[in-house]
Every structure is written in structure tokens, then in C-alpha cells.
Amino acid sequence: MAAALVSVPRIKLGSQGLEVSAQGLGCMGMSAFYGPPKPESEMIKLIHHAVDAGVTFLDTSDVYGPHTNEVLLGKALQGGVREKVELATKFGVSFADGKREIHGDPAYVRTACEGSFKRLGVDCIDLYYQHRIDKRVPIEVTIGELKKLVEEGKIKYIGLSEASASTIRRAHAVHPITAVQLEWSLWSRDAEEDIIPTCRELGIGIVAYSPLGRGFFSSGAKLVDSLSEQDFRKHMPRFQPENLDKNAQIFERVRRDGSTERMHAITARVGLGSPPRKRRLPHTWHNKNRQLQPERGGTVCEAYTG
């Protein structure tokens, strides 16, 4: 018998009025970075099942694919689904000849927004993040253009991803920032020094990705053996032989003292039933989805209401 669906809590993200599901569905791994793209029809069914289960905060970016993840999500949003969700996407990163480029100039911001509209099939984005900060362009200039998009009704709320505390303050002075997205886990805790206290002070919500260390804290070193050549984690320094042994020792230590169970308790409060084709979704929606496997995880929100 399929497990009964459990109500997903809803929270205020930040202090500007945005309400989202406490668990979010990061869609990146459906199309990019975590191995080959997954079958489109299965991913659309998965998204629909998540929404039906109450996970309505959907996260993507124009760089995932690039572009293909937004196209996928756009198809999933058809048929009245758009009205049921809080849609977040990002701009500011592109790849040219294999080289990453960061953009924050006003013309790029506006062009990127229009491009996301077309791929997603929408005329308004609920939460629009600057994916990475362009150090060549003052943050005040970038946020100024985003503020215009808010005033024009094209986006509702502004977010930043991977921004410093000082950048967050400067941005917030131009227009209220609703959310900051960052990596936050047992081995990524630098944000606790300045960024998270700054967000608390300013009433900015935190959207944490990879709370289980990109799957390491749920699987340990054996995770690396299962990664395909197309999985970007295979090339991350933390998973290389010179670091893996030490990280494996840390994993065993936290596993013995129960920290991994506590991490599961933090990120997995929602039991989900059976999706299409009777494939069961795990209880956990950990870091940024990765096909919703417990070692690969969803977006977790922490709300600060100021």
C-alpha cells in the first residue's frame, strides 16, 4: 500500500512576503552536472508528484543545461501547474568555449530575464537570483536593474546566490533582498561567521543547498565509486584521492556520534507517497534534488522574519 502523503509545512522566506514550501525541489540534476540528463517524461512526472505532495518551491537556473532545465520545467508547469508553485530561477553565469563567464550588467540582466520567460513559458518569476556576483559591475547597478523588473511586474522578489556579507548589505540597501542561496553543511560552515548573521539581521531568508555535502554525508566514500564521468562531483577536490581518505574519516566520526541521523532529521520531515509507476520517493528532499535520491538531495529553506 502506498504511504499516505504528509502535509509539507509552509514558511515565510525572508521578510518581504514570499511564502514557500519548507522543502524545495532543486531541478538542476534532472538536466545537468549530475550525470546524463534524465528522461524528460519521468522528470515531469516527478515534478508533478512533488507539487501534489506539497513541495511547491521549484528551483532552476538558465545555466543548467544550459537552458534545458528551464525548458523542462516550463513543460512541467503547463496545464495549471504554474499557479500552484513558487518559481525560482537564476541568471548571471554562462559558458563560452568551455570557460565560465559572470555577468551582472543591466542589459544582460534584462535579456536573461526575457530568455527565462520564453523557456519557462511564464510572464513573471517569483524569485529571481543573481547566480554569481559580477565583480566588474557594482552590485548596486545590478540590483538597480532588478528593482526595475520588480516595478514592471516581471519578477516579484530578488535573491542572491553565493554572495558575501558586504555584498548582501549593499544590495539590500538598493532593494530588499528576499533570499540568499548558499552551500551549508557539516563541511561548508563558513557562512555561519558573517553571511547568515547578516541575513538574520536584515530579515533575509536562507536557501541552503547540499546540506548533506553533495551526498557524502549520507553515503560516505562509496559515493565516489558510483559517479559517472559526466558527474561534476567526480572532479571536485573534496572527492579526489588526496582528500577522500581524510573526508571518509570525518564521515565515520560523525556517523558514529549520530550526526548523519541528525542531519536527516533536519532535512527530512516530510513523508512522500508513491509517484507515477509506483517508484517511491525517499522521505528526504536533500540538496538540490539529483533525481530525488537520498544521497543526492533538495533545497532546504530557513526563514528569518526579522
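Here the Cβ of each residue, glycine as well, is placed from N, Cα and C on the backbone.
A 10 Å cutoff on Cβ-Cβ distances gives Tyr64 (active site, proton donor) a total of 27 other Cβ atoms nearby, all chains included. According to Swiss-Prot, the feature active site, proton donor maps to Tyr64, an assignment based on similarity to another entry.
Here Swiss-Prot flags Lys90 as site 'Lowers pKa of active site Tyr'. In the structure as shown, the Cβ atom of Lys90 (site 'Lowers pKa of active site Tyr') sits within 10 Å of 25 other Cβ atoms. Under DSSP, Lys90 (site 'Lowers pKa of active site Tyr') is assigned to a strand (E or B) in the three-state scheme.
The substrate binding site feature in Swiss-Prot is assigned to His131. Long-range Cβ neighbours of His131 (substrate binding site) (same chain, at least 6 residues apart, Cβ-Cβ under 8 Å): Ser61, Val63, Lys90, Phe91, Gly92, Val93, Ser161, Glu162.
Annotation note: Leu212 (NADP(+) binding site) sits in a coil segment as assigned by DSSP. Marked as NADP(+) binding site by Swiss-Prot: Ser210, Pro211, Leu212, Gly213, Arg214, Gly215, Phe216, Phe217, Ser218, Ser219, Gly220.
Look at Swiss-Prot and you will find 272-306 tagged as region 'Disordered'.
According to Swiss-Prot, the feature compositional bias 'Basic residues' maps to 276-289.
Phe216 (NADP(+) binding site) is surrounded by 26 other CB atoms, counting those within 10 A of its CB over all protein chains shown. Same-chain residues at least 6 positions away in sequence with a Cβ under 8 Å from that of Gly220 (NADP(+) binding site) are, in sequence order, Ala248, Phe251, Glu252, Arg255. Phe216 (NADP(+) binding site) and Tyr64 (active site, proton donor) have their C-alpha atoms 22 Å apart, to the nearest angstrom.
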